[in-house]
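What follows is a set of notes on a single structure, which appears directly below.
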Amino acid sequence: MGSSGSALKVCADHRGGINWLSLSPDGQHLLTGSEDGTARLWSTADSQCHGHFQGHESYITFCHLENEVAFTCSADHTIRKWDVMTGQCLAIYRGHTSIVNRILVAKDYLFSGSYDRTARCWSVDKEKQIQEFRGHRNCVLTLAHYSSRDVLDESEEEQEKLSRDFLVTGSTDCTVKVWWVSSGRCYQTLLGHTGAVLCLILDARNRELFSGSTDYTIRTWNIVTGEQLKVFKEHQGSVICLELVNRYLYSGSADKTVKCWLADTGEQVQTYRTHKHSVSTLKYHAGILFTGSGDACARAFNSKTGVLQRIFRGHKYVINCIQIHNELLYTASHDGTLRIWDVQGICKRNQHRLKKERSAQGKSSQKGSLSRLFNNRVGCTVQQANGELEAVELM
């Protein structure tokens, strides 16, 4: 295991804990949302603060960054839209009657979930509420979005002439609900969890939804039919976060572990240990699993073997969010700091290992193909010789 070393930079401009960290699609900026009621924009080129978004009347719970605009939601019951270049507040979305804890931007829609038991849909451009989704009996904690075209094959797509958008919500009432965006009606309620639903991951191509809960389980659902497909039961604590990569499902838990599962079968294939508190966030990058924990440390694991490769020490409180960009790890903590770490070394070593494994697999495959080709040719010649009296002798 590599030594922890020190962070390349510690950004301590916030006066309260950082609750969320968002990376812009072009990778040029990061946005942090804080307990101090402000958001800050950071350049990934020089790690300097290039914007300070002020206006919320309470702490920021979540944030989302696009290339030109940013969105923040707050305990003041509002969502705000900001101009990235000027820092000007472009719009305030009002309507929720309690803490707004999650937002999601998809197409021209802005979705929000709140402690007022509702989710809402807003027009990003026209800055007005389009739809309200009412039916949960408790807080809406997590959101996902998909279009009917995302889950249909070509023949079905021809029949479905108009694409329909769906919102998925997870709640502390133990249910997952799927809603028609156009009407606000509940399309289906997914029942099975016996605890709050904390996280959702959608794999639209395979028509599957994964949900993690305080009941210690992960459940997978057919998003079209609503059928519960599998239940993953190995965790001994709440499932806090999920990541799906190449049909490998990674789950972080209050039991101080991350587990890796085969999404197709539900088989557990790896457990990542050594955390001393809950795993609050995780990210997969280039064969490495990065985690953030309530023990104030970030960690890097070999995703295949589960071997711990590095511990990143320096934060004082829980790490709430992490991002990776250009071989740099960004960790945002409840201690109010954003720390930047160089992970180029472990990324390069891991990429070198992956190349060697692929090369070995390729050589093995090539040998197998040549062997099969030789055996096939011999077999065909022998078969031909047995069938013909005038068979020629093998050279």
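Backbone N, Cα and C define each Cβ position, glycine as well.
Bear in mind that TrEMBL entries carry predicted annotations, made automatically and left uncurated.
Fair warning: this is a prediction, and the values are worked out from it, not measured in the lab.
According to TrEMBL, the feature repeat 'WD' maps to 11-43, 53-92, 93-132, 166-189, 190-231, 232-271, 312-344.
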Would you mind listing the long-range same-chain contacts of the repeat 'WD' (53-92), meaning Cβ under 8 Å and 6+ residues beyond its ends?
16, 19-26, 28-41, 98-105, 110, 112, 114, 116, 122, 124, 127
Looking only at residues six or more beyond either end of the repeat 'WD' (11-43), which have a C-beta under 8 A from one in the stretch?
49-54, 56-67, 70, 72, 74, 82, 84, 87, 317, 320-323, 325-326, 330, 332-340
Non-local residues, at least 6 beyond the ends, that sit with Cβ under 8 Å of the repeat 'WD' (190-231)
138, 141-147, 150-151, 168, 170-178, 237-244, 247, 249, 251, 253, 255, 261, 263, 266
